[in-house]
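Asker: The structure is given below, and queries will be raised subsequently.
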Amino acid sequence: MKLLVDIGNSRIKWASIDDNGLNEGQSFQRGKTSIKAALNKAWKTLSDIDAVYVANVGGEKLATQLTEWTEKQWQITPVYIHTEKKRFGVTNAYDEPSKLGIDRWLSLIAARQHARQAQCVIDCGTAMTIDIVTKTGQHQGGMILPGLSLMRSALATSTHALTEETDEKEFKTLATNTYSAIQAGTLYSVTATLERIINDLQESFDNKIRFIITGGDAESLLPLLPDNINHYPDIVLKGLAFYARQDDKKKRAEKRTDNNKKAADESTENATEGSGFTQETSVERYIQKKNKTQSNSKPRTRRVRRSKAPKAEQESSTQTEKPDTSLPEEAI
């Protein structure tokens, strides 16, 4: 089982993924300086974890703490995913691709897998981000604006009076206390901005664009937004899941290659042992065979070809010499 972790600016979301797919995500508030106590509480009982994949926008200090915890508890070093120029059919539009937040990048990847059409991803976190991807997977760019919590904290730092709270869980549009007034004002400020952006994008794409909203403040904003907004609370984790599956496929392919190579080597070795054949015995047999052939072979008789004499010479040599019957000169 693999663990997927999304470290945000204020919360940490996580989910596990196995052969049955992505399990339901969970989250917890992270500390400003340390997350080990929160990790102990959330993950102490988890077992059978064989890999950890992380999307981190919370800073290097938190990443170090997470790595130390997983290495101590599970002897696993997390894989930190980084933004790329192109992956899974999505092309990054940033001049410096690595500068696009990993959470935004993973959201675009997950959105692309859901539908092959123009899409707008609205992430309502501490900072609100909006990104557009075309039906061909080309990222068009995006924008960043303060989220609800950032707006409210900015107002709270201006004056002590604005920090008061109330037991009211719901607030009226026209509030009768400072806390509710801040809640209503910031909520309408964000939703009004989003409505204008949505209308402009629909006009630009001839209403052929799909809207996705995610992030911790999404549920608060949805009641005031148009009905055509799709809520995907775990979209960053879904993007992480694609990386985890790809990495798993790569490792399995490498393992199959190693196993096939090992099996081929063992097969060759077994065949060699069964036949008694080795490189050394092969050379020895060759030499022995050559020596035996040389010792048993008979010497070849060389036939000398005689050259033919001239015809006149042949005729003279074939004539029968007659006996000399002439008398000596004294006898005459």
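Even glycines carry a Cβ here, placed using N, Cα and C.
Please treat TrEMBL annotations as automatic predictions, because they have not gone through curation.
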Asker: Going by TrEMBL, ASP6, ILE7, GLY8, ASN9, SER10, ARG11, ILE12, LYS13 bind ATP; tell me which of THR91, THR126, THR129, THR134 is listed for that site too.
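Answerer: The one candidate that TrEMBL places in that ATP site: THR126.
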Asker: Within 8 Å of the Cβ centroid of the ATP site residues ASP6, ILE7, GLY8, ASN9, SER10, ARG11, ILE12, LYS13, THR126, which other residues of the same chain have their Cβ?
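Answerer: Not counting the recorded site residues, we get SER27, ARG30, VAL57, GLY58, GLY125, GLY216.
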Asker: Binding-site residues SER10, ILE12, TYR94, THR126, THR178: which have a Cα within 10 Å of ASP103 (active site, proton acceptor)?
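Answerer: Hits: none.
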Asker: Roughly how many Å separate the Cα of ASP6 (ATP binding site) from that of GLY101 (substrate binding site), to the nearest whole number?
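Answerer: Approximately 12 Å lies between the Cα of ASP6 (ATP binding site) and that of GLY101 (substrate binding site).
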Asker: For a three-state summary based on DSSP, what are the helix, strand and coil counts in the compositional bias 'Basic and acidic residues' (248-265)?
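Answerer: Counting residues by DSSP class gives 18 helix, 0 strand, 0 coil.
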